[in-house]
Amino acid sequence: MEAEKKTQTTAAQMTDRDLSEQIKKVTKDSHVRAENTELMLSFQRGQVTLAQYKLLLCSLHEIYQALEEEMDRNFTHPAVAPIYFPTELARLESIEKDLEYFYGQDWREKIVVPAATKRYAHRLRQIGKENPEFLLAHAYTRYLGDLSGGQVLGRIAQKSMGLKSSEGLLFFTFPGVSSPNLFKQLYRSRMNSVELTEEERNAVLEEAVRAFEFNIQVFEDLQKMLSVSENQLQNSSTHSKSAKVLQFTGTTIKASPLLRVILGLFVALATVTMGIYVL
Ligand code: HEM
């Protein structure tokens, strides 16, 4: 908390050459695009549904698991050490508690990882191994976002889903940060203390734009999954009363009687084939 106070003076001294200013500038348009994704608009309009939030938590789990594992592994790297704040910022544990609240104790068996989320996590693990300085760009994008708009979104989500207190919303709360604004100033001054060559700095800026792009794709992917399952639910209730709805961990697939017979035959055939193979 003392460290947060000290940054008040340094904030006024920032210049255009500061990484924190440059990163904000280069990601400005991407931020607008991220804010205007359907998922983020649902949040802002106070219309976020439980289905949207649960799926978002699944993605955030995969993303923060990769980000925080890579940060932990690289915490002595000169570009990571100054912005390494696990006590104040780490999200993984909070997300896991939220997932348990919504999915129950066996949440690990129930959660889904959509394709765009897998690509984002893969990138995080790759840079953790090959270019740890890029973790700076990703940590900035996620943590400063969570400490900024994320704070408002948490309160909106609580109302939209009619949740009591912080039940299922631990992701949005930072008990180790008394003032998000002061902490963001500290974080920016730490970012500015990282020594990078011109080439490295440009590459970090590019990676920050890419980090926003990954997030946008994650949101669009989630929304697409939800729209598909909603449409299928609607079709199943309006077009075919006998059609059964199969729930595949978050994605809903409608199966007609004919499809179910074909699936049954396929499973039987596979079992017989495996039996012959084993013999
Ligand atoms: C509903 C969606 C969103 C809203 C309403 C929102 C709003 C805001 C606001 C008000 C700020 C504070 C600006 C300041 O303190 O100067 C901010 C900063 C920020 N947001 Fe968002 N945001 C949203 C989504 C996102 C997303 C999806 C990301 C990234 C994945 C993100 C990343 C950031 C970052 C990194 C900052 C810090 C900028 C800086 O000071 O350098 N935001 N946002």
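Heads up, the Cβ atoms here are built off N, Cα and C, so glycines get one too.
As given in TrEMBL:
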type: BINDING; residues: Lys24, His31, Tyr140, Arg188; note: heme b binding site
type: TRANSMEM; residues: 258-278; note: transmembrane segment
Other same-chain residues whose Cβ falls within 8 Å of the Cβ centroid of Lys24, His31, Tyr140, Arg188, the recorded heme b site, in sequence order: Ser20, Ile23, Thr27, Thr141, Leu144, Ala208
Sequence-distant neighbours of His31 (heme b binding site) in its chain (C-beta under 8 A, six or more apart): Phe212
